[in-house]
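> Attaching a single structure in structure tokens format; questions to follow.
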Amino acid sequence: MNVPFAKMNGLGNQIIVADMRGRTDRVSAEAAVNINARAETRFDQIMAIHDPRTPGTNNYIEIINSDGSRAEACGNGMRCVVQALTAEQGRHRFIFETVAGILFGEEGEDGLITVDMGTPKFAWYEIPLAEEFADTRQVELQIGPIDAPVLHSPSVASMGNPHATFWVKDDVWSFALDRFGPLLENHPLFPERANISIAQVTAPDRIILRTWERGAGLTEACGTAACAAVVNGARTRRTARKATVTLPGGDLAVEWQPDDHVALTGPAEWEWGGQLDPATGAWTRDEAA
Ligand SMILES: N[C@@H](CCC[C@H](N)C(=O)O)C(=O)O
């Protein structure tokens, strides 16, 4: 039986929100790959809204990358879920559960959505890394010639999902992230692969960021990567704890709050709706009202 879905985006991060409430099955990996194979529904993540599993939460959210793999966290996708549920229910604040833990999301009066992405983790085994590093603010990893690496010494962190932030001094746009991204995502240092970002700090409260997403590739925006960049920037004293992160798709506001939680604020946009089969990925588009 088909389920309703919405084609949405969070700052150009392509998101499918699938309504799996009232069902016990899941969106299959095969369905994800098939949905992504059609140009109109090419996506970065599917956010599957399920019935709550834990009392006190509104919904359980499962996140599926375009290669069919599962992700623990997705900041832009969570904003799309908040917007879809706000439009449906007229309420503005939600408590979600994901495999990474409990998250809060709220749509503000200005239409922007803030998601509390939880607390970052820095221990090598929490990210996880394949080998022990006492200090994950700068780990030994480089790409390019040994004596003149193109990218090196990233800061690594978990925002529920694994992130490596490579710092560059200038022209973040000049790096061939499409070439280095897949190599770094699958580097043996990352046993669960990793999201790979290049960051240029232009002021203590400004970062320009490009991301190669684990399981999805080059994206217009990655919310958890923006959170990881600010957290990694603050703990390496490159940035303040609050910064605007400019991605190819636009700006996100990130604050690493005194309570250690990371708040991510930005837009979400509904594009169109349809019905899909979560087993096969076959879908049809709803008639415009
Ligand atoms: N687009 C996301 C991140 C999605 C998950 C990621 N690809 C992973 O596998 O960890 C975001 O906005 O955070």
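Cβ from N, Cα, C; glycine included.
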> In TrEMBL, the substrate site includes Gln45, Asn65, Gly75, Asn76, Asn161, Asn195, Glu213, Arg214, Gly223, Thr224. Which of Asn9, Asn13, Asn34 does it also list there?
Asn13
> For Thr224 (substrate binding site), which DSSP three-state class applies?
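Once the DSSP labels are grouped into three classes, Thr224 (substrate binding site) ends up as helix.
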> Between the two most separated Cα atoms in Asn13, Gln45, Asn65, Gly75, Asn76, Asn161, Asn195, Glu213, Arg214, Gly223, Thr224, the residues recorded as binding substrate, what distance in Å do you get?
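Of all Cα pairs among the recorded substrate binders, the widest measures 17 Å.
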> Is it possible to get the count of other C-beta atoms within 10 angstroms of the C-beta of Asn195 (substrate binding site)?
27
> With an 8 Å cut-off on Cβ distance to the Asn13, Gln45, Asn65, Gly75, Asn76, Asn161, Asn195, Glu213, Arg214, Gly223, Thr224 Cβ center, who else from the chain surrounds the substrate site?
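Other same-chain residues near the substrate site: Asp44, Ala71, Ala73, Cys74, Gly77, Thr211, Ala216, Thr219, Cys222, Ala225.
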> Sequence order is fine: just name those recorded positions in Asn195, Arg214, Cys222, Thr224 with a Cα within 10 angstroms of Cys74 (active site).
Cys222, Thr224
> Could you check the binding-site residues Asn13, Asn76, Thr224 and say which one's CB has the most other CB atoms within 10 Å?
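Sorting the candidates by Cβ neighbours within 10 Å, the top entry is Asn76.
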